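Trainee: Quick one: the structure is below, questions incoming.
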Amino acid sequence: LLLRWRRRRGLWRKVKEAQRRQERSLVQMEAAAQRFREQHPSVNTTSILSLPLPELSKKLRDGSLPLEHVFYAYVGKAVQMAIETNCITEYLQESETQLQKMKLSGKPGLLYGVPVSIKDSIDCQGHDSTLGFIKNLNKPAEEDSVVVQVLRRQGAIPFVKTNVPQSLISYDCKNLLFGQTYNPLLFTRSPGGSSGGEGALVGGGGSILGFGTDVGGSLRFPAAFCGICALKPTGNRLSKKGIISGVVGQKAVVAAVGPMAKDVESLALCMRALLCEDMFSLDSTVPPLPFNEEVYSSTRPLRIGYYETDFFTMPGPTMRRAVREMKQLLEDAGHTLVPFELTNVDNTLFNFCVKGIFADGGTSFVKKFKGELERGSIGLFFWLAKSPDWLKTVLSWIAKPFVPRFSGIIRSMRSNTVDDVWSLHHEIEEFCHQFIAQWKKLNLDVMLCPMLGPALRIGYPGKLSVAVSYTMLYNILDFPVGVVPVTMVTEEDEEELKGYQGYFRDLWDRTLVKAFRGSEGLPVAVQCVALPWQEELCLRFMKEVETL
């Protein structure tokens, strides 16, 4: 007991030191911004912060806007958002040195002088990638991830790292080291996750371009909840070298790294910059596909598939209205809308997603928490992962008549043999081919889909793991998908929500109503999907949705 007490006390010391380091970062940022304001009292930071990324980058490249004016304007705004939402974990102080060197450098890249924010799990040389774990403290990355290296070569200035939920296997944003991150639009709401710090910072205006990862909606939830845009590319369109995964080694549910910004044109500019020779030479596993300008700038009418529900998680009134209104607007603009029917989403979620991530019965997932002081908001998954297979079988059988979805999750978390895993990968391949065949049969270009929203109350994402059904489908398929906010919750939506019962009328359906309630004025988004490797077409569709 004494040894255990001493060990716990040592862990708490590490937590306190991490929190002090976070506080020091904010003090350094505030001091740097204050120093700049005193030296340049006439600079209008508000006008700088209001510039969209394409215009800002153009002014930086042609020299009409000084680098330091932009950099310190965003440092000042970022520290304000950090104080309000607790979104920043660390200030990359070397960004100030990079700024000074760039003033003397030659040819500017596409993102010359643009301050960018980086998710905690993306390696930046000399800084921790903690994933909210104590064991990852004081283990600075030896080199930048490939994405960060390319950003620097394109002239971007990574200046902060942002908060994540512990282990990344959550769409909330809380861990013991740095605490809860809040939604900048309403502090009682979650910013989404796992790229929640990015969502809050970009959504609040403290960063003009952010980078996160997505293994089930981790870019899309924060974007939708915070009212901004995000793109989850095909898994290997951008390099994942130097990016720490929530479940290392699993291949069933495909992860991706992607950008977050206030508008679609900013995402397109970012992809133009990243899809360059540097990306392909630094990581030769990335296919050398430069940005296809012709596809992105095309104006030909699109043939668009759409669905209002996946028949697993009943959409809230605003989610359904968002798709219906967008369908009408697209038809009025000359596009063709074709109904697309989803089937067996429960099989996809349980037998592909949950079984894929926890194919070893959760053993590797449990190992991550060994020696940690708490298990964040994934206590239920942790307990199930620790349980023996016979107990999971019994619990699944008992739960099936009362809570069939919970029963499905338990059943999918049993240990698998190597043969089982190979069969699973084969089934996923077959499912993908069938989905594409259905797509091709309807002769579709892109797809319009619901996105979970509005932002859930803090603490509720951990109680609503099944609500990832709308997003996780496209990680299994490995399709590029973007999120664009299109409407806001109205008083009528709130009234209609009172009659929401869900498809299963179980505890999760009742909990979802509580999580949505009181959301008038909050944004709701849609998902825009394209076939693999067609990010430019996806962005072109997103731009159309945004414009309409």
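Including glycine, each Cβ sits where the backbone N, Cα and C put it.
Just so you know, TrEMBL annotations are computer predictions that nobody has curated.
Relevant sequence annotations retrieved from TrEMBL are reproduced here:
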ACT_SITE  LYS119  active site, charge relay system
ACT_SITE  SER194  active site, charge relay system
ACT_SITE  SER218  active site, acyl-ester intermediate
BINDING   LEU168, SER194, VAL215, GLY216, GLY217, SER218  substrate binding site
DOMAIN    73-539  domain 'Amidase'
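Each of the listed features needs to be described in terms of its position in the shown structure.
Mentor: Its Cβ placed at the centre, LYS119 (active site, charge relay system) has 28 other Cβ atoms within 10 Å.
The Cβ of SER194 (active site, charge relay system) lies under 8 Å from the Cβ of LYS119, SER121, VAL164, PRO165, LEU168, ILE169, SER170, TYR171, CYS173, GLY212, THR213, VAL215, SER218, GLY246, each on the same chain and at least six residues away in sequence.
Cβ contacts within 10 Å of SER218 (active site, acyl-ester intermediate), excluding its own Cβ and spanning all protein chains shown: 35.
Neighbour density for LEU168 (substrate binding site): within 10 A of its CB lie 26 other CB atoms from the protein chains shown.
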Trainee: Out of GLY216, GLY217, which of these binding-site residues shows the lowest number of other CB atoms within 10 Å of its CB?
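Mentor: Checked GLY216, GLY217; of these binding-site residues, fewest Cβ neighbours within 10 Å: GLY216.
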Trainee: Over all shown protein chains, what is the count of other CB atoms within 10 A of the CB belonging to VAL215 (substrate binding site)?
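Mentor: Result for VAL215 (substrate binding site): 24 neighbouring Cβ atoms inside 10 Å.
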